[in-house]
């Protein structure tokens, strides 16, 4: 991978644990935190995909809020406005994975420009990064807001090429979401899939270039390959 000149990371589920909202959900709905988090994330993604197909873009905060309303209705849980806001805000305070900071620090030390490309709005990306004290880490924070469509639309991945300033074949795309990794590969990025759950990759034509178990393994592999 000596031709890699920069790296772009997915945010939700790759650098940050989306299920770190379980605690906030559990505080409001004891015994339901895990079920809420999992269905909430599932519907959040479904709404981004469906809105892209329908040409009805809203920002990620709105998609997340709508997914939470569905989740609570489906699970038979009462959701007042105050609780809705409290839980939605939890998505702005996600916890980085334990290996995120060290992996990013090692890649920066190797001289690689780093970026995030996310379905999140500019505001939400900046808040997640700031709230976790990771402002030092990234050269580019890239939002789908600039093209008004969500991943896996190819226009999103094109943003990374433009903002990072390198040809797509020289930008490593890193994601733990198999559908995202496949779409990025289809666009033309070399792709590293973070397979934390030891799962099967989606049966789509485009496959990742490299598969690892976590960000620590990814940074070790890449830095060693650059030597």
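Just so you know, glycine gets a Cβ as well, placed from its N, Cα and C.
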Further binder of (S)-2-haloacid named by Swiss-Prot next to 11, 12, 118, 119, taken from the candidates 38, 41, 105: 41
Among ranges 175-180, 181-186, 187-192, whichever one Swiss-Prot labels region 'Important for catalytic activity': 175-180
Remote residues contacting the region 'Important for catalytic activity' (175-180) - C-beta distance under 8 A, at least 6 residues beyond either end: 9-10, 13-14, 151-152, 191-196, 199, 201-202, 204
Within the region 'Important for catalytic activity' (175-180), residues counted as helix, strand or coil by DSSP: 3 helix, 1 strand, 2 coil
Structural state of residue 118 ((S)-2-haloacid binding site), classified by DSSP into three states: strand
Integer Å distance between the CA atoms belonging to residue 157 (site 'Important for catalytic activity') and residue 11 ((S)-2-haloacid binding site): 14
